[in-house]
Structures are given as C-alpha cells and as structure tokens.
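Q: I'd like to ask some things about the structure below.
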Amino acid sequence: MKTIINTTRTLLRASARPTAPVTAFARRAYSGYSADLAGLTEEQAELRETVASFADKEVAPLAEKTDRDNQFPNQLWEKFGDMGLLGITAPEEFGGLGKSYLDHVVAMEEISRCSGSIALSYGAHSNLCVNQLVRNGTQAQKEKYLPDLISGKKIGSLAMSEPGSGSDVVSMKLKAEKKEGRWVLNGNKFWITNGPDASTLLVYAKTEPTKGSKGITTFIIEKGFKGFSTHQKLDKFGMRGSNTCELVFDNCEVPEENVLGPINGGAGVLMSGLDLERLVLSGGPLGLMQAAFDIAVPYVHDREQFGKAVGTFQLMQGKIADMYTKLSATRAYVYAVGRSCEAGKVSRRVSCLSTLHLSRAPSLTITCSPTLQDCAGAILYSSDRAVELGLEAMQMLGGNGYINDYPAGRILRDAQLYRVGAGTQEIRRSDCAGAILYSSDRAVELGLEAMQMLGGNGYINDYPAGRILRDAQLYRVGAGTQEIRRMLIGREFNTDFGVKG
C-alpha cells in the first residue's frame with residue numbers, strides 16, 4: 001500500500017508540461033468531457049484521472065449514506081492525506097504537492113462529481129484552512145500545523161460568518177482583547193463548515209472595533225483551547241455530512257504566537273484568500289453539473305415512451321444540448337480564471353474585451369487583463385448553472401428524479417449551497433460587474449441591457465446600442481437557428497447509445 005501511495009504522490013507532484021491532444025481521460029462517452037477542449041496539460045489530465053479514480057472508488061460509495069445520515073466521513077480524511085490532496089497547493093517541505101490553483105479546481109471538481117458534501121468539506125480544509133496558513137503563516141506556524149492537516153490526522157476549518165454578519169464582514173461582533181500576554185476571545189461564529197469536526201480553525205475577530213476593517217485580526221484556534229466550544233450542529237437542506245455548526249468563545253485564551261498575519265491585518269488575510277477560495281470552490285458546481293449530466297443522458301436513452309427512447313425526442317435533444325453547452329462554457333470560464341491565477345496575471349481593475357466609444361462621451365478605455373473580479377464571476381456563473389442542470393436532470397428523470405433512489409435531488413440540494421456560501425450571488429454580482437458571458441443569446445441580453453442602461457439615448461441612433469442589439473440577433477438565426485443548433489447537439493448523443501432519431 002505504501003508503495004502505491006508513494007507512486008501516486010510522485011505522479012501528482014510531477015512538473016506540469018504542455019501537451020498535444022490528450023487521450024488518457026476517456027471515461028464515459030456521454031460525460032461530455034474533452035481534455036483537448038479543456039486545454040489541460042498532460043500532467044493535469046493525469047491528475048484528473050487519478051483523482052477521478054480515487055473518487056469513484058472511495059468517495060462515491062459513501063455519498064448516499066453521508067447525505068442520508070448527515071454524518072461526516074472521518075474515515076476518508078487520511079485517505080485524502082495519503083493522496084496528498086489535502087495539501088495540493090502547499091509546499092512539499094510540509095507534505096504538500098506544490099500544485100497550482102487550477103489543479104486544485106480539477107481535484108475539487110472530480111470529488112464533487114461523486115459527492116458535493118464531501119467535496120465541500122475537502123475544499124474548506126484544503127483551501128480555506130491549509131492554503132491560508134501557507135499564504136500567511138510564519139515558518140513556526142507552518143511547521144506546527146501543516147503536517148497534521150496535510151496528512152489528514154487533523155481536520156481544518158475557517159470561521160468568519162456570524163449570526164448577524166455574513167457578506168458584511170466588518171460587522172462581526174467576536175471580540176479579542178489582549179490580556180497578560182495572551183488574547184482573550186468572546187462571542188460566537190455561525191455557519192462554520194467542518195466546525196464540529198475541526199481540530200484547527202482560522203478565526204477572525206475584532207481587535208480594535210472602532211477601526212472597522214482595519215481592526216480585524218486572524219487567530220489560529222485549537223479545539224482544546226480553554227473557553228472554546230462548538231454548539232448546535234445544523235440540519236441543512238443540502239451538503240449533508242459536511243457538518244456545519246456554531247462556535248462559541250467564552251473567555252477563550254489564545255497564545256500570542258497564534259496570531260495569523262499582522263495584528264489588525266485580518267481583513268487583508270481574509271480578502272487575499274477570498275478570491276482564490278471562490279475560484280477553487282467553483283470546481284464544486286462543475287462537478288455537480290457533470291454528475292447531473294452523467295445521470296440524465298443515459299437515463300433518457302434507456303427510458304422508452306411511445307415505442308422509442310425518450311432521448312430521441314427533439315425537445316429532449318434540446319435539453320441535452322443546453323446541458324452540454326452550459327457545462328462546457330462554465331468549465332472553460334472557470335479553467336481560464338484558474339490559469340490566470342496560476343500565471344499571476346491578476347489585478348482588481350475592470351476588464352473587458354475591447355474599448356468602448358460613445359459618440360457623445362469621451363472615449364473610455366477598459367483594461368484587457370485577467371482580474372480578481374473573475375474569481376467571483378466564476379463561482380457566480382458556475383453555481384447558477386449547477387442549479388439549472390440539477391433541476392433539468394430531475395425533470396429528465398420524471399418521477400424517478402423526485403425520489404431518493406436516484407441522486408438527482410441530492411445534486412440539486414448540494415448545488416444550491418454554492419449560491420449562498422462564500423458570498424451570495426447578489427454580492428458576487430456586485431463584486432464582478434464586468435463579468436462577461438459568451439454566446440449569441442448572451443450577446444442579445446447584453447445588447448438589451450445596454451439599451452436599458454442608456455435610457456432614452458439607447459433608443460436613438462446617435463448611440464450604438466441599438467445597432468449592437470440588431471447585429472447580435474443575427475447570430476441567433478443565422479447559420480442555423482438556435483433551435484436547430486440545440487437539436488443537432490442533442491442528436492449527437494443518441495449515437496453513443498445506439499439509437500436513431
């Protein structure tokens with residue numbers, strides 16, 4: 001077993017190299033995944049296949065029971081550790097793999113494909129906790145905490161949210177006061193993923209309440225600290241088994257050396273990791289979308305009505321086509337953002353594809369660069385699409401989609417978490433006002449929105465909004481209508497199941 005583990009870790013640690021077409025990953029013909037289309041390197045394709053095989057063997061068999069019993073799968077954590085996945089972005093000196101954030105997305109995607117809830121706990125541990133320690137910890141803190149977290153001997157968590165403060169971070173009430181060479185924390189945290197099971201938690205508290213965002217500090221909390229306890233595990237709609245609870249700090253004593261990052265610099269610690277958190281968590285909706293697609297497509301080709309497979313009906317082919325294109329477009333966007341972060345090409349400037357010129361306004365040049373706003377855009381777009389595909393899978397399964405013998409309902413329930421966790425969709429839209437969605441349908445939507453935003457000026461030809469909308473509409477009917485395109489894409493999947501129509 002040890003030899004197998006070492007071989008696997010060696011494979012995962014190998015340096016990335018560009019490749020021509022990759023054929024190693026050829027799981028289910030109907031899965032809709034193409035390594036060529038995704039643009040993965042050979043190393044990344046191997047990583048995906050390795051994690052996929054592990055998830056199929058170890059995670060998938062536990063998915064239904066984890067959801068039904070709402071119990072955290074402790075037995076998996078050291079198996080994750082043996083694979084090196086808990087420290088996928090951590091340096092090798094601490095037992096990590098030293099991989100990229102795109103690699104982390106790929107791992108998150110494949111685990112989510114088998115279980116959304118197990119993957120969420122994995123993401124909270126590996127990204128929110130381990131990666132934040134890697135980015136902000138002192139050498140001593142890394143040496144003390146990372147080895148056990150990366151090996152899976154201990155479970156990690158991050159605690160920011162409170163009953164009255166979620167997206168509004170600065171309104172948190174947990175207070176930390178310096179007393180006799182240590183910090184004393186009083187207050188509580190809420191909605192904390194892995195809270196009931198974690199041994200190491202990164203906690204944000206107010207050290208100077210009057211300074212707003214400049215008065216927040218991050219602390220490393222251990223489960224056994226005096227004055228720290230966990231209360232009321234929540235009975236959630238979805239992501240069951242990824243335990244969530246309230247944390248209570250009653251004169252909790254924290255050593256000085258457990259301050260993570262600078263005193264009063266906690267907001268910087270939080271925000272520096274939030275964008276990467278959103279990126280990595282975007283792999284969750286991707287995996288759930290793939291799971292929904294993998295369930296629905298074979299079902300409609302096995303299910304017969306009126307003497308033929310349901311999947312041969314044009315309306316059903318349209319559904320398949322929409323699911324496939326949404327999945328492919330979402331994966332392309334998330335991966336593109338991952339590559340930008342991997343290359344360090346990030347900024348907080350607005351991004352766009354071109355320069356905007358208005359005849360009655362000065363020329364407004366919009367920088368064409370990858371931005372951290374796109375990390376919010378990735379989770380915004382992927383989480384909405386995951387809910388859509390979950391609903392579509394339930395609909396395609398008919399009555400069977402509504403019973404728990406099939407996983408469509410669980411996929412939908414898990415997908416909804418990503419629309420409210422790590423910032424709501426509304427906050428994400430505010431954060432990434434410049435997120436651009438591609439397709440002929442989106443072009444028409446943006447043309448209409450531009451006209452609306454210009455008010456009456458949008459309806460006169462002195463401004464180009466009307467022309468943009470008129471031009472965009474051509475792409476919805478030219479070279480085949482949208483309806484024909486959907487039918488042709490959906491029909492392609494019939495051949496995978498040996499049916500005609």
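Any Cβ shown, glycine's included, is placed from N, Cα and C.
Under the heading domain 'Acyl-CoA oxidase/dehydrogenase middle', TrEMBL lists 158-252. Taken from TrEMBL, the feature FAD binding site applies to 158-167, 191-193, Arg303, Gln314, 395-399, 424-426. Residues or ranges marked as domain 'Acyl-CoA dehydrogenase/oxidase C-terminal' by TrEMBL: 264-435, 437-492. The active site, proton acceptor feature in TrEMBL is assigned to Glu277.
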Q: How many Å lie between the Cα of Gly398 (FAD binding site) and the Cα of Glu277 (active site, proton acceptor)?
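A: The Cα atom of Gly398 (FAD binding site) is 35 Å away from the Cα atom of Glu277 (active site, proton acceptor).
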Q: Of the residues in the domain 'Acyl-CoA oxidase/dehydrogenase middle' (158-252), how many are helix, strand and coil by DSSP?
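A: With helix first, then strand, then coil, the domain 'Acyl-CoA oxidase/dehydrogenase middle' (158-252) has 10 helix, 48 strand, 37 coil.
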Q: Given the binding-site residues Gly164, Gly398, which one's Cβ is surrounded by the fewest other Cβ atoms within 10 Å?
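A: Candidates: the binding-site residues Gly164, Gly398. Fewest Cβ atoms within 10 Å: Gly164.
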Q: Mean pLDDT over the domain 'Acyl-CoA dehydrogenase/oxidase C-terminal' (264-435): what is the value?
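A: Overall, the domain 'Acyl-CoA dehydrogenase/oxidase C-terminal' (264-435) comes to a mean pLDDT of 79.
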Q: Reported as an integer number of Å, what is the Cα distance between Gly164 (FAD binding site) and the residue listed as 'active site, proton acceptor'?
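A: It is 22 Å, counting Cα to Cα.
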Q: Might you list, by sequence position, any residue in that chain lying six or more from Leu158 (FAD binding site) with a Cβ less than 8 Å away from its Cβ?
A: Ala124, Leu128, Cys129, Gln132, Ile192, Thr193, Leu201, Leu202, Val203
